[in-house]
Amino acid sequence: MINLTRQRYRVSNLVTGGTSLDVILSHSPNKFTFPPLLKSCAKLGDVVQGRILHAQVVKTGFFVDVFTATALVSMYMKVKQVTDALKVLDEMPERGIASVNAAVSGLLENGFCRDAFRMFGDARVSGSGMNSVTVASVLGGCGDIEGGMQLHCLAMKSGFEMEVYVGTSLVSMYSRCGEWVLAARMFEKVPHKSVVTYNAFISGLMENGVMNLVPSVFNLMRKFSSEEPNDVTFVNAITACASLLNLQYGRQLHGLVMKKEFQFETMVGTALIDMYSKCRCWKSAYIVFTELKDTRNLISWNSVISGMMINGQHETAVELFEKLDSEGLKPDSATWNSLISGFSQLGKVIEAFKFFERMLSVVMVPSLKCLTSLLSACSDIWTLKNGKEIHGHVIKAAAERDIFVLTSLIDMYMKCGLSSWARRIFDRFEPKPKDPVFWNVMISGYGKHGECESAIEIFELLREEKVEPSLATFTAVLSACSHCGNVEKGSQIFRLMQEEYGYKPSTEHIGCMIDLLGRSGRLREAKEVIDQMSEPSSSVYSSLLGSCRQHLDPVLGEEAAMKLAELEPENPAPFVILSSIYAALERWEDVESIRQVIDQKQLVKLPGLSLSG
């Protein structure tokens, strides 16, 4: 702040009215006079002073100086006066490579990517100059892989590929285009990697969800790089640990942070708070927060409040929230979201809505994330009133077209028992989204309410709309078929899942089919489904055994009980259930033999289970 004030004072004294102009002229301005002043204007975003300086450049005849004219182009680009910058470029008597670089970089920074690429192409054709900075600048604005590869070829032909600035830009470009493997190959090729190169590669890995490689790259840097990791490196590495829930490596990084004296850097400290919170070490997160002291900002406060909430320390979170004002800070949308979402996830609906009302009282507009969290908290008839209130806020916020909010609304009404309301919302939304989650909440909701035909209807509509069903979709519709005993439809969907969509049934799907076939008395078919599994779990045998008890099938019951006993040798339930089958069939000798087996194995009978059925 002090530096900026000095710059403003300097520029103001030199370029505003009367004496200032005399000062410039009396000191015989030269080609080194104007560029630093123009740079100061750019940093301050001071368009007015920049224009005054522009006039002085022209008046004193220094517009012909490439260095000064380039500084004008750069200044206008920095203060977002693109038209003025391009006009200066056009009027320049002679363009240099630096002028083209300033214009290309400025166009990219201001979002004029096509114009930047066009200017880059024109510069190549006209031969007005191109260097590694030009190529790196254009790579920085490239967002498609085809164009990026063409630029890569150009860099190779021009001999720029191995320059660290260009190599780093290529790593970033490939990462940005989702080609992290190509980014890794380019990273390996860069001969003299800078800390910026390592940071670009680590950031790219994180953007592409390959967090598991970040610790290895960080270790490579420490082992082979002549440069030390900086705050950006530490933030990225710590953030990766948070995503991986790698507490051990996170603690090692914390130790290194302290050794390098980065622990009081706001970004690094905030990343540590987030890492410890996600790794369920809330006490460590709190200690890091307290050690930040004067360097912590609202983001740090939001991180620790969120961390306390996700670790169930809601009282501490509220205490921290109440201290914000004493630190001269005001809660923002993220602060409120942390508390409201946290209380919602903890099932504390009253507290969640209490903070929601407080948020509204300070005229804070609820975010879509906040509304979604509150809707998820409304899960029964007792919270229906609250759910309807949030529906009103959804309408007020014109958020009825947001797929996540809409899905949460449907789910809320289904959970609260108003399937007809959920259906009205579903039917009104056109065109229907391709996200299967939107359809799944309808199918599972109908299934749980016993409206199985409606669940199947939605599934068929999903197929008509060419939506790709997920594994969860099949779980929901098979469960619905099981509840209504529709064996034919369930079997058809089970085959469809494998033959048409290529899914391998999970334990949940197998369980649904066993339950469906078992309820209908088709126990042999249920057993055949289990036999198709490579490693049947205890849950599928438990489901089959339950069906055997319902239909009094001692043969399959014995087989299921023995398999279940092998998988869970300490569990007495299979013997107790088998005993109840024998008792129902009045096979008392078998009941007694089961009792002896339980005694011999010293199994503790679970409460609620009877040996006599």
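Yeah, the Cβs are placed from backbone N, Cα and C, and that goes for glycine too.
The following features are taken from Swiss-Prot:
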{"type": "REGION", "residues": "540-613", "note": "region 'Type E motif'"}
{"type": "REPEAT", "residues": "30-64", "note": "repeat 'PPR 1'"}
{"type": "REPEAT", "residues": "65-99", "note": "repeat 'PPR 2'"}
{"type": "REPEAT", "residues": "101-126", "note": "repeat 'PPR 3'"}
{"type": "REPEAT", "residues": "163-193", "note": "repeat 'PPR 5'"}
{"type": "REPEAT", "residues": "194-228", "note": "repeat 'PPR 6'"}
{"type": "REPEAT", "residues": "230-264", "note": "repeat 'PPR 7'"}
{"type": "REPEAT", "residues": "265-295", "note": "repeat 'PPR 8'"}
{"type": "REPEAT", "residues": "297-331", "note": "repeat 'PPR 9'"}
{"type": "REPEAT", "residues": "367-401", "note": "repeat 'PPR 11'"}
{"type": "REPEAT", "residues": "402-432", "note": "repeat 'PPR 12'"}
{"type": "REPEAT", "residues": "435-469", "note": "repeat 'PPR 13'"}
{"type": "REPEAT", "residues": "506-539", "note": "repeat 'PPR 15'"}
**Message:** Within the repeat 'PPR 11' (367-401), count helix residues (DSSP H, G, I), strand residues (E, B) and coil residues, in that order.
**Reply:** 26 helix, 0 strand, 9 coil
**Asked** Going by DSSP, how much of the repeat 'PPR 8' (265-295) is helix, how much is strand and how much is coil, in residues?
**Response** 27 helix, 0 strand, 4 coil
**Asked** Restricting to the same chain and to residues at least six past its boundaries, which positions have a Cβ under 8 Å from a Cβ of the repeat 'PPR 9' (297-331)?
**Response** 266, 269-270, 273-274, 276-278, 280, 282, 285-286, 289, 338-339, 341-343, 345-346, 348, 351, 364
**Request:** Could you give me the DSSP helix, strand and coil counts for the repeat 'PPR 3' (101-126)?
**Result:** 23 helix, 0 strand, 3 coil
**Complete:** Taking DSSP helix as H, G and I and strand as E and B, the repeat 'PPR 9' (297-331) has 26 helix, 0 strand, 9 coil
